[in-house]
Structure formats: structure tokens, C-alpha cells
Amino acid sequence: MSLPRAPPALLHTPGFAHYSLAWSPFHTTRLALASSANFGLVGNGRLHLISVQPGPNGTQSITLEKYFETQDGLYDVAWSEVHENQLVTASGDGSIRMWDVMLNDLPIRAWQEHSREVFSVDWSNIKKDTFASSSWDGMIKLWLPDRPRSVLTMQAHHSCVYQALFSPHQPDLLASCSTDGTVKVFDLRTQTYAPPAGGSNTNFATPLTAAVFTIPASTTEVLSVDWNKYRPFVLASAGVDKTAKVWDCRMLKLGEVGQVGGQCETQLLGHEYAVRKVQWSPHRADVLSTASYDMTCRVWSTTPSPGRLLYIHDPHTEFVCLLLLEQLRILDFPTIAVSLTLTTISLGSLYTKLQEPNPIANDGNNHNDFPASAPSDDENARGQDDDPEDVLSDSLQTLYDYRPVTLASAGASYTYTHPESVSGTGPNVIQITLQTPDPDAANWALHASSVWVASIQLARGIEFLRIDQHLKRLNISPDDSVPTTKRPLRILELGASAGLPSILIAKVFPQASVVASDYPDPSVIRTLARNIGENKVESNCRATPYGWGTDPSPLFASGDMDEGFAGFDIIIAADTLWNPDLHSILIDTLQRTLQKDKYSRVHLVAGLHTGRYTIDSFLRSVTSSGFCVLEIIEREVTIDDHGVGLTRAWDLSRAEYEEEKDRRGWVIWIELGWEDILEYIYETKRTEQKQKCTTRIARVQTERKEEQDGGNENPKKA
């Protein structure tokens, strides 16, 4: 007989999207909720304190007790394990703040060490005076509440660290998951650094902290990880591949670094979009839950193998960001599930739900991929055929009218059509077909596996490079009268990926010599060279592996560049500013490769998803490194239509109010030149102008004096 199902208790917080919640370890009815305005993309944050009370007939009620405002979005929250009224929050401005719920308004302590968004905080339930934070800067930091600075910093990944969690069994073990598709386990007692793969340059200034164990969990981003509460060295992971996986890591040997492995015990299939959160039950070793962007929460059993779906909770109408299980220690109010959408909290009793006849019966077969109500044939086809990253991108575009920032995933084909030639020969449609690279797993964090919108905008705006003027300068003598035969125009693209701008330039301007470079990943360079060959521009365009900040001689090794070569006339790059850690070696590369000439130029195009403050940080660094900004302008993104969009002045203050939808619609164009040469030119021109003015003033004074002298001789003369 089915027990009556109580309706879920709801709490709405209009205007704030929820990213995380946490039960108090001291008070069984107290919750903390980390929220952000504008879906966490821009704007302020809010820490809500919520009480949960049992009601009649198994119902619950949720009450908002108080809240604290913050200047940036909040992404995570964790209660102190030693003080019942204190908790810490993770913020989008890179800060961590500690709050006391008995005080009003201001945090009692703040730390600001991370350079990017802090995405998780976790308080150790063994070392109760220690908590950890992880950030988009790739760092994991350990903190003590009474210390003004972090007590340990680890460069855990070379990309965003979505989560870092202490082991509930071993006080010195900590697991992390990242954009790079790995789950790592760190032993906090053995801190060493991992050498670069193959001894090559990794393009990152800070070496990685060596993990004792690395699990290659996915070919896409891993968004969540959790330790099993009853089985040491068993973890669950989930992410963009729409799958939750259970990993047996009992082969891990503590004290030894660099171990790679992990046996995948179970893969739990069924979600239609990325799985945002995975969490083990606090009561049973074989039960875990997942929350997904497909707007459902699901409860699974890992036994018998290969696992089965127990229940689907799907009352939500927006992305589900978090699900949290906890045992409330009062009679008649057993296990509850808290599921979190963008603006709604939902509570429901899993105790009664799991006592009901299983809506997805266990008949001995694996039903992992069967939802409570079967999707249509079209939905099934979409889930099977589409790349998970594309599905997530498409869902954002559909739900929020967001423009994509990439137009092809790894290994896909993309065709670009340029409306007309800009070489002065008249209309001539150019079509370029590209395959996107599929780099090695170790290099996923470099994001070379897509056709980025910024590279398309660079191609559409090829006329702004003024290549025809450069060609005229190289083939006409200084007096503009005697034609001469000179070297070709030399153009370098950094971070070329599929090579669209380089190939287009080589097609439109066969007089130019183009080098398309990218990180020395064999798959990336092989795909880039194949794109150049298949588009028939290998005569004046070549693919070259190059790591920023290293010896640039591979870029110069060409028959038309080795004699008297002094650098490139034009350097172009699209979407290369997203990682602040790479700014210094990018600038070093520009210094090494741009010809020291008053005509030499660097053209950079960056999507505003990079972040205005990140772009501003690059501008401040590059202008203190011998370059000057000749032009910086915002251009509207155009993909389906031809030509270029509207333009407006660069304005850093827009970061305070623009939404993600608006940011995706614009790119930044930056033109750089050598500061000292241009300053010399400007100073020379100022001197010439000053001399002209002085001469003119002297001439006017002489003329006036002559007039006055003539007037004295002939007073009647006007």
C-alpha cells in the first residue's frame, strides 16, 4: 500500500538564483542558502538563513529568518564545525567571508587571496578547525578561522576547480574536480610539485601540486564529486557528460604521488543534460542522489550492479543546481531531500517516497536510463546524438536567448562563409571548411577544441587589420613613386585552434606569409595543418607548434623569414585573454615576435565572456611592458548575418550592471603598437608642429611690423 505523499514545501526568493545550501551540524532545523542576483553572472549576492519546521501529516514548512547582503554573487556556503552560529561563504569576487548569524549586516572576517571566483568551501568534519576553498583560478586553499591568511595553497588544476572536499575518513585527504575532466586526491601531508608532461612548457607560471591519485573521470567537465560516507576511498563524480560515476580507489597508496587510475564501479545514466551535483546518502553506503540541468533530482542505488534508479523528483521548472540529504534527529521527521533550482527551494520526504512501490521496478534489468515518464523519440535522439557540451550550450540559448561563445565541439566540422573579398577584386564569396581539434586530455584546459565566436568576428572584420595598406607600404618606395620588390608581409596568429582567421587571410591575400600557431599538442597541430591543406593555402600558410613564453625560433623557421628576419608585421589572436595566469607569457611572446617598427601591430579580439576586469588586467600589464593601446572598441557580435555589427567605446564600468546575455553579444577589439617608437614619432611630429608654429608666428610678427612701419610713412594707408 502506498503511503500518502506530502506536497513539497516551497520557498521563493525572487531576483536571486540559488547556488548552494547547507544544513547546520548543530541545529537540525537550520539551513543556510548562498544566492546570487542575475543567475550569478553579474550583480550582488545574498546569504539566506532558513528554518525548517515539521507540520501535520508529514508536511514541512520553510521560513526565511534573515539574510545578509554581499556586493558579489555567492556560490557556496559551509557551516563551522566548532561554532554553532558561524559559517563561511564563497564569493564571485574571489573573497571568502565568515559570518555570525547572531550579528547583523557585516561579516566578522574576510579573506581575499583567490584571483578568480571562489566556487566551493568545505569544512572538515575531522579537523574541525580547518576549511578548504576552491576557485576558478585553479587553486585550493586551506584556512583556519583565526588566521589572517591561508595556511596552505595548492595549484590543484590548471583550470577551474568546481569543488574540493575533505575525506570523511582520513583527515589529510582532499578530493577535487575540475574543468579538465579529472578527479584528484591530495594528501595534505606530502606536498610536492608535478613536473610538466614530457618536460615541455605548460604555459602556466605556477607548477601543479602533485596529487597522490588522479582519476581521468570524463572527456568533459567534472562539476561535482563526493566521498562515500561508509566506504573509504570510494567516490562519486558527475558532470557535463550527463553521467554519475562511482569510483573504487582502494588501490591508492598513501605517500606516493603521481598515481593514476580508479576503477569505475558504476555508471548511472538517464539525465538528459549535465549533472550539476552528486551526493552520497548519509545513511546508506549504496544510495546516492543527483541534481541536473534537466530540472530533475534522481535517487539511485548502486546495488545490485550495475545500479538502478529509485526515484525521480521533478517538480522544478528551472535548472536544479543542488540537492542535499540530511537526517533530522527528531521523531516522525526522517530523511528529507532539499532540491535547489534557480529561484526556488523544494523540500520533500524521501522516507515516504522510498517506501512507495518503486515507479521504476527492478526486474533484474538495468533501467538506469528510464525516466519516470518516457521522453519522446525526438528527445531520446537528441540525448544520444548531441555532444553534451553542445546540449548545455543549446539549452542556455533556448531558455535565456544566450548567444553561444563557441560554434563547434571537439572533432566536429564547421563551415565558414565570407561574404566577399576585401582585396579590392570585387565580390567573391569564400567558403572555408574546418575540423575542430580534439586535443589530448592533459591539454583540455587550454580550450583549443572549439571554433570560438571571437575568431569568427576576427575573420568577419579582416578589413580592420588594414592588410592592403601594409602590402602597399612594403611594395612602394618611401617616395611613393618607384615600385620595389620587397619581402612578403609576415603575419602570425597565436592560439589559432582550427585556424579560421589565418586561412582566410592566406586566401584573400596570397602576397602575405601566414604562420598559424597553437600549443604543441600533436592532435591540435595535426588538425590545424590538415585544415590549411584542405583549404589549399599551404603555399603561404603553415601550422606551427608553439608554447607561449618559449624560444620563438620555430615560428621563424621558413624560407621567406630566415634571412634578416626581425619579427612579424602583424600578430592576431582571438579569445586568448581568458586566463590571467597566461597574460605574462602572452606579453612576453608579443615582445619576442613583433617587429620593432612603427608600422607593426597586434590585433586582439576577445569575447566579453572573458570578463571586463580580466581584460582590464591585461591592458594594465601590456601597457607597462613596452606597448601602447592604439585603439580599443566594443563590436557587436554577428554570426548569421554578414559584415560587422555596431560599435561602441570600451567601458569598464559596464561590468557592474550588464547581464550575461548582453556580454555574449559583444567582443572587444584591441590594437597595440610599440610605445617607444610611437612616442618618438609623436614627439617628432610635435616638434615639427612646434617649429612650424614658431616659424608662422615669426612670419606674422614680421608682416605686422612691416605694416606698422608702412603706416607710419603713409598714415592714410589702411
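Including glycine, each Cβ sits where the backbone N, Cα and C put it.
What TrEMBL says about this one:
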type	residues	note
REGION	357-390	region 'Disordered'
REPEAT	67-101	repeat 'WD'
REPEAT	111-143	repeat 'WD'
REPEAT	154-190	repeat 'WD'
REPEAT	268-301	repeat 'WD'
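Cβ atoms under 8 Å from those of the repeat 'WD' (154-190) belong to residues 116, 119-120, 122-127, 130, 132-136, 138-142, 202, 204, 206-227, 229, 232-233, 235, 237, 239, 247, 249, 252, 254-255, 257, 262, 441, 444-445 of the same chain, restricted to positions at least 6 beyond its ends. The repeat 'WD' (268-301) scores a mean pLDDT of 90 in the predicted structure. When DSSP labels each residue, the repeat 'WD' (154-190) comes out as 0 helix, 20 strand, 17 coil, counted as helix, strand and coil in that order.
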